[in-house]
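Heads up: the structure comes next, in structure tokens.
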Amino acid sequence: MIKPLLYAGLPLLMTIGGSAAFADTIKFGVPVPLSGPYASAGIDIANAAKLAAAKINAAGGVLGKQIEIVAEDDTCDAQTGVQAAQKLIDGGIAIATGSYCSGAALPELVAFHRAGIPYVLDAATNPKLTSMGFDDVFRTIGRDDEQGPFAGAYISGYLHAKKAAVIDDNTTYSKGLADNTVAALKKDGVDVVYYDAITPGQMDYSAVLSHVSSLSPDVIYYTGYFSEAGLLAKEAAALHVTAKMMGGDATNDTTLIKTAGPAAEGWTATTAPLPQFLSGAKDFVTDFTKAYNTAPGPYSAYEYDAVSVAAKAIADAGSTDPKAITAALHKIANYQGLTGSITFNSVGDRTIASYITVVVKDGAFAPGMKLDASGAWVPVQQ
Amino acid sequence: MQGLTRRPLATAGIAALIVAAFIPFFCHNYIVDVALTIVTYGILALGLNIVVGYAGLLDLGYAAFFAIGAYTTSLLETLTGLNFWETLPFSIVFAGIAGIVIGYPTLRLRSDYLAIVTLGFGEIVRIIATNLDITGGPNGIYGINPANFFGHDLTAPKAVYTLALVFLVGVLILVIRLGQSRLGRAWTSLREDEAAAEAVGVPTLRVKMLAYVIGALIGGLGGSLFAARFGAIDPTSFTYAQSVSILIIVVLGGRGSIPGVLVGAIVVAGLPEALRFLHNWREFIFAVALIILMLVRPQGLWPARLRHIAAPSVDEAHATPHADPAEQIAETTAGEPDVLLEARDVSRVFGGLKAVAGVNFTVHRGEILSIIGPNGAGKTTVFNCLTGVIPPTSGAIIWNGRPLTKLAPHKVVARGLARTFQGIRLFDNLTVFENVLVGMDHRFHVSLASEMAALPYARRETHLHHAAGRNWLEFVGLASQAGLRAGDLPYGDQRRLEIARALAGQPQLLLLDEPAAGMNPTEKQSLMGLIRRIRDLGTTVLLIEHDMLLVMGVSDRVIVMDRGQVIATGSPQDVQSNPRVIEAYLGSDEEDEEDAPEISSLPAGALA
Amino acid sequence: MSEFVQLLVAGLTTGSFYALIALGYTMVYGIVRLINFAHGDIFMVGAFIGWTVLSAVAAMHLPWGIGLLIAVLVAMMLTGGIGVIVERFAYQPLLSAPKLSILITALGVSLALENGVLLIFGPRFLTYPHLISNAGFTLAGAQISDVQVGIIVLSFLLMAALYVFVHHTFIGTAMRALAVDRDAARLMGINVERIIQITFFLGSTLAAAAGVMEGLYYTQINFFMGFIVGLRAFTAAVLGGIGNIPGAMAGGLIIGLLEAFSAGYISSRWTDVIVFLVLIGTLVIKPTGLFGERVVERM
Amino acid sequence: MTLLTVEGLRVGYGKVEVLHGIDVTVAPGEIVALLGSNGAGKTTTLRALSGLEPLRGGLITLDGAAIGGMPAHKIAALGLAHVPERRRLFAPLTVEENLKLGGYLIRSQQAELKRRIESMYALFPRLLERRLQLAGTLSGGEQQMVAIARALILQPKLLVLDEPSMGLAPLVVRSIFAIIKRLRDQGMGILLVEQNARQTLKIADRAYVLENGTIMLEGDAATLAQDRRVQAAYLGGAAAA
């Protein structure tokens, strides 16, 4: 551990030393952005992983061993991502659970696959990630092409909108969701009067909004992230935009409400069922808030589930051999996670990805509507 | 001697590469991946180094070329099914074309404006890739096949690393050869002093363009490698931040220094990895380290050394046919008319001020003609008009019976007019010998490719020019200083080197702007001899000089200028006795105590 | 018509921010020929200092107008101080070194400021209190909020104040003199280093004012917020002719309007491409920007 | 009593030393000329005196204060005014702004500064007409007037002029020289670098001839004007005509 440090000219070597140290734990690798513009999302994910591990460890761990979470910074960048993944592999992880940006997740996934290590994705929703033909990729979150049709159905079937505007932010996730939503809307006969992208970080979107409002859509659906969503809500209110403001699951964050203030009232987000609204997950929210002094991020619950389901698979396999874990993950059936029942299909996606809407009411997200088995819109019961 | 100083570096470099080649056998994949990133950055930085380091142009959008290479390979592979190696030429060519597209309209911009234009270009390329469907939009392109080598897919980090290392070696050979080539020399001259380079015959716009294009080619190659490594690309890999990282590598390492750039790549790509144990503090500490490194070593971690091309020995130079000054000049001056140059009513106005107001004179072949006159008389402006540095506001310059107006300075040099400067403008960070070689730039005929490949006839030409350059140094008496840094020469020697640099272009007319300035009497004596010897070779000399002893001693004819006009022309004796000249040049001799009318008498106490 | 007016107002609002920040780029460039890549982050730091002061003041239960005034002034002063410290430690030692070296330290400072704020305030978005209502009025069918008017007016006042300062005070005249000829300025008894510091101070205070206004208007701030705005402001400064103060103001407004109109009438997806193409086109026609002077080189 | 004393002044750029130990003195009410060919080191000497070039060695004393190595703005405050070669006006600023900058160090005394600027307009009435014109658009003679006026605002003890006659019509040169003499007569010390040697030696009291960074000759102006060596080194063959 110390010796390589002496090679001052080769500081890289010191990272080797750190890895193989504690053989009595089972290591879970969590590659997420810990610096750069996406750091806040990555830190929320890593914290959720630690919370899940702590809970499992407190209950005796897995196979008699403790779980150790090793988070590595991928800065949402392909090059750094592959290095983070490789560092985790060399560090002897049994499984990887994590990811945030699809752009970094893909090369990470290739690296893990090559090393035979299973990867349970928590937040990267791009459909392509599970269609690479790898049998060791799983994900606890739904895919963009599943949320899009749900959003489309809500806009046409529940809101009975005739005209809709869809805005994305030109990131992989956002564009994918927007494309799928637009396709669903068109299929349902809704006139998509505007479909364009904004630049995240630009702050002022009133030019776009005033143009959109001149096209008088009934609904504006924004598929990007919460910070721009807050600005859109706020600026739309200032412009007296009458269209209903909606967003995808990445807009489901309290920052939206803090940014837009009263203008956030009525913002509707499509999302997978969140722990906040699931009776079984109340504890998670409390624990997370207590441990990290902040509410969980939008993907924290998915990461929590990813770690939990991975631990379950290790227990089922009775081994930390990656091949055995992969096989066990494929056999997982109806595991009750925070985000609902988890069963993986052949490519590793969840068989049932259910969605709900949440609405900002009195300064907080409140449960909205969901589709019941008969295809009717019913309120979500807490 | 120079050979000896070169060898340890080359040996160390090769040793380092061999060590690098063995990394996959000893290290974890993680280390290999980091090393691969370093190598990729190394390739890109070597490419950017051509633009920033060699040619001195600021480029903040280099990632654009990287992107174009990556997208070309990815699209061709996924759309047409070409394999990696087949797409590679396309990537490189497309990146090169992009280099032309961005370079052409912007080459005339000053460097800070160039910075934002290149930045804008980089952003434009990225946004186009994000917005178009064919490029996969923000998703980018997936499922790119890895490079294949005799049936083996190069997918494992170790295999890709080896491939990248081979590319790096290729690029290294290319950039080292380029650095030694005449193009490399032209780039350096551009970086040192663009206007002077142009004025001694370097076609600066074309040379800048080549820097862009060759830099772009290497960027394209890096991009292809990147695509093959990850099997997937998306626009987020080609941001402004990426361009900036590559720029940091070049500047931190040492602009123009190949080992420096490689060290820079190791620091910039490796340090953040080495700092992973700092978690959240990693980027902050890296930023602070960057600032401190730059403060401690403003020239870079491993600054570029003086370019060294050894001058041939005396015997070697003398033995080379066609390298003799007299013979060279004779070649160029045969069979032309007696009036070499004629200035017809040349005027130049600067913001309402007539610096040159309708000047007429002729220069006869084979004479030594001097232009004298007080400071501000417009002499240097006449030189600048003659050599194309400043276009005359009106009037014509006739050269060998044909008009010479509105030609770029380097073309004027190619026609046979060479000059020196009033304030010495040598390329300080080139050797004495290479300064002379820059002056010969326009005389090279061999293509760059043949020079790089060291084809026999190209080597012959290089050899001839080196010998000729060596002889010109000997002609002005600087042969023994050939290997010194030009900026380190004493003042008088710098003046003579400027003359040698101008002569090396085989001019028919040599324009000397105050060559004796700062020389002591002994040096001036030898300068007079030198000017006469230049004339004896058959080169006509046009001289601006304040030193009357020199002017009167050496000139066949003298033109006197005052306030933008020619006030007298004639033999030295005529001019010396012309009262108008004496008054204009030396000031009035009469006692004059009267106050000038436009100045009132000093009010009492005004200056108390 | 109403959309046109709406876009005009949007463009003027963002343009005002760009112009205020562009002034910092241009003043520093005019005097030390440095593209201060950290300037966008100075703006960000200003927003964070403003947020901190507002939070502290909120606890004191002062009338919000006074609290706001205190926040703006304190943010301007402290950020100005940071600008001076950055100049003293990261730039001044390199003023006579190769130009690119100082450019790299500027990039380093940018990265350090971003990550420093990240370490202190965390990665999450912070939100300014909603102090100002969204109330406004209708003009030619367009909704204009009082805040927008306030921002535009305040920016113009600050720009006018700067203009007056630069043209009608001794220090300002010294700044202009220094930009022309540093040695001649020294011979006049001008302490050149001091004037450079004042320039950094002023540029930073303007950026801080923009930062606090941005926080109040858009409410959310983040350690990364200086990047895009800084880039746009830099573009604005160059478009106007870097080193030229009225040029920076005009450039900022032009970029803001260009952005608004291209987002409104063409496509927001292509806004940046349009902005940069206009910039490149302008520079090809006028190589030193709209207001920049031609430089004639002597041989 | 001397106003300015320079002893063993050495200055260089990079690896090259330009001045190899120069000794110069100037007394109040005295015009001292510094002659020599281009590149001899005249301008460098002046730049070193006013703090624009770092010293490699030597002592500079102005009116009893050691100013060698001080920053330029402090030297200006101590009473040394330098009118640089080619005038170096702030071209995009108005004449009045140029003059005001000349009074930068007394900027807090508004009324006094105003009075001094007025006195400069009285001295150079042409500048009053041009006061709002940009300095860069003036004729050469007018520019030289601004340069001198700008230097006089602080009422320096020593005025250092670098080629004030450069590029000017003889008539204008004569008026500039007349001003210089008047300044001398009021007790100011003047150090003058000139190319126009014959005329310079006529108004100077003493002179030094500089060659290659060392002082080759020194003496009173009248004697030097007759010295053949000066003519040979400086005026060249034309002097004999």
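Backbone N, Cα and C define each Cβ position, glycine as well.
Note: TrEMBL annotation is automatic and uncurated.
Annotation source TrEMBL lists transmembrane segment at B:12-32 (among others).
Sequence-distant contacts of the transmembrane segment (B:38-57), counting only residues of its own chain at least 6 positions beyond either end whose CB sits under 8 Å from a CB of the stretch, comprise 20, 65-66, 111, 114, 161, 164-165, 167-168, 171-172, 175, 178-179, 184, 187-188, 190-192, 194, 207-208, 211-212, 214-219, 221-222, 225-226, 229, 245-247, 249-251, 253-258, 261-262, 264-266, 268-270, 304. Taken from TrEMBL, the feature transmembrane segment applies to B:38-57 (among others).
Sequence-distant contacts of the transmembrane segment (B:88-106) (same chain, six or more residues past either end, CB-CB distance under 8 Å): 61, 64-65, 68-70, 72-73, 76, 82, 114, 117-118, 121, 125, 208-209, 212-217, 219-221, 223-224. Look at TrEMBL and you will find B:88-106 (among others) tagged as transmembrane segment.
TrEMBL lists B:113-129 (among others) with the feature transmembrane segment.
Within the same chain, residues 17, 20-21, 23-24, 32-33, 35-36, 39-40, 42-43, 46-47, 49-50, 54, 146-147, 149, 152-153, 214, 218, 221, 225, 228-229, 256, 258, 307, 452 sit at least 6 positions outside the transmembrane segment (B:159-179) and bring their C-beta atoms closer than 8 Å to a C-beta of that stretch. Among the features that TrEMBL reports, transmembrane segment is placed at B:159-179 (among others).
Sequence-distant contacts of the transmembrane segment (B:210-232), counting only residues of its own chain at least 6 positions beyond either end whose CB sits under 8 Å from a CB of the stretch, comprise 36, 40, 43-44, 46-48, 50-51, 54-55, 57, 59, 62-74, 77, 84, 87-88, 91-96, 98-100, 102-103, 107, 140-147, 154-155, 160, 163-164, 167, 171, 174-175, 178, 183, 187, 190, 448. As annotated by TrEMBL, transmembrane segment applies to B:210-232 (among others).
Sequence-distant contacts of the transmembrane segment (B:244-272), counting only residues of its own chain at least 6 positions beyond either end whose CB sits under 8 Å from a CB of the stretch, comprise 9, 13, 16, 34, 37-39, 41-42, 44-46, 48-49, 52-54, 56, 59-60, 62-63, 172, 175-176, 179, 188, 191, 282-283, 286, 289-290, 293-294, 299-305. Positions annotated as transmembrane segment by TrEMBL: B:244-272 (among others).
Feature annotation from TrEMBL assigns transmembrane segment to B:284-302 (among others). For the transmembrane segment (B:284-302), the residues of the chain that approach it from at least six positions outside its boundaries are 248, 251-255, 257, 259-260, 263-264, 267, 271-272, 275, 278, judged by C-beta separation under 8 angstroms.
Residues or ranges marked as domain 'ABC transporter' in TrEMBL: B:341-588.
According to TrEMBL, the feature region 'Disordered' maps to B:585-608.
If you look up TrEMBL, you'll see B:588-597 marked as compositional bias 'Acidic residues'.
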Please average pLDDT over the domain 'ABC transporter' (B:341-588) for the predicted structure.
86
